[in-house]
Amino acid sequence: MNEIYLIGLGNPGKKYSNSRHNIGFLLLENLSKKYNSSFLLKDKLKSFYSEFKANDSTYRLFLPNTFMNNSGEAVLAILDWYKINLNQIFVIVDDKDLPLGKIRFRKKGSSGGHNGLKSIIEKLQTHDFNRIRIGIGSPPSTKETNNFNTISHVLGNISREEKSILDKVYVRVIESLEQLNTKKEEYIINKLNSFDIEQI
């Protein structure tokens, strides 16, 4: 049976549970709930862990318990424990440089200033791993300085209006993840990258 490893990035704890920076957590929590699976803390994996079987695949879901800036420690622990290749993992992460509702699948790339991705790249010593980036939009600028308040934006709570958009994004990403073992890679990439919230 094919095994699929999904790693959602975020910060543990109630304080961050509904923040934009926790979209990776939120998406995998939605996926796990769909299959009536629950997350349990696995110290050896430095993550909360959930698994289920679907479409002739075993899905292994991980929510690092290391806080965002040390996500690489959890990813390294997962790779070491399961003895898997990098191409078997899919990292799900928020992206402030993408408009809200946009999705981008990339097989490699820089951190783009995202501390979670930066930590993974530093620990693994490579940029070559699958990542699904979900847009949260840019933070608003202040009139006084015209600078972006990035920290307060990414750590801020998702609004009701944003949630209505992100719920549709989650559906598209989850559908795509469910098809990883039944559709060609090009199909999955196009399904994610072509998503347009205006056409839903």
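Cβ from N, Cα, C; glycine included.
Neighbour list (His21 (active site, proton acceptor), Cβ cut-off 8 Å, at least 6 residues apart, same chain): Gly10, Asn11, Met68, Asp94, Val154, Leu155. If you look up Swiss-Prot, you'll see His21 marked as active site, proton acceptor.
Swiss-Prot lists Tyr16, Phe67, Asn69, Asn115 with the feature tRNA binding site, giving sequence analysis as the kind of evidence. Over all protein chains present, the Cβ of Asn115 (tRNA binding site) has 17 other Cβ atoms lying within 10 Å. Asn115 (tRNA binding site) carries a helical DSSP state (H, G or I).
Following the DSSP three-state reduction, the secondary structure of Asn11 (site 'Discriminates between blocked and unblocked aminoacyl-tRNA') is coil. The feature site 'Discriminates between blocked and unblocked aminoacyl-tRNA' is assigned by Swiss-Prot to Asn11, with sequence analysis given as support.
In the three-state DSSP scheme, Asp94 (site 'Stabilizes the basic form of H active site to accept a proton') is classed as strand. Within 10 Å of the C-beta of Asp94 (site 'Stabilizes the basic form of H active site to accept a proton') there are 26 other C-beta atoms, taking all protein chains into account. The site 'Stabilizes the basic form of H active site to accept a proton' feature in Swiss-Prot is assigned to Asp94; the stated evidence is sequence analysis.
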Quiz prompt | Among Asn11, Asn69 [recorded positions], residue with fewest other Cβ within 10 Å | solution = Asn69
Quiz item: Just how many other Cβ atoms lie inside 10 Å of the Cβ on Phe67 (tRNA binding site)?
Solution: 17
Self-check item: Cβ neighbour count within 10 Å of Tyr16 (tRNA binding site)
Solution: 17
Quiz item: Apart from Tyr16, Phe67, Asn69, Asn115, which residues in this chain have a Cβ no more than 8 Å from the mean position of the Cβ atoms of those residues at the tRNA site?
Solution: Gly10, Asn11, His21, Thr66, Met68, Asn70, Ser71, Gly116
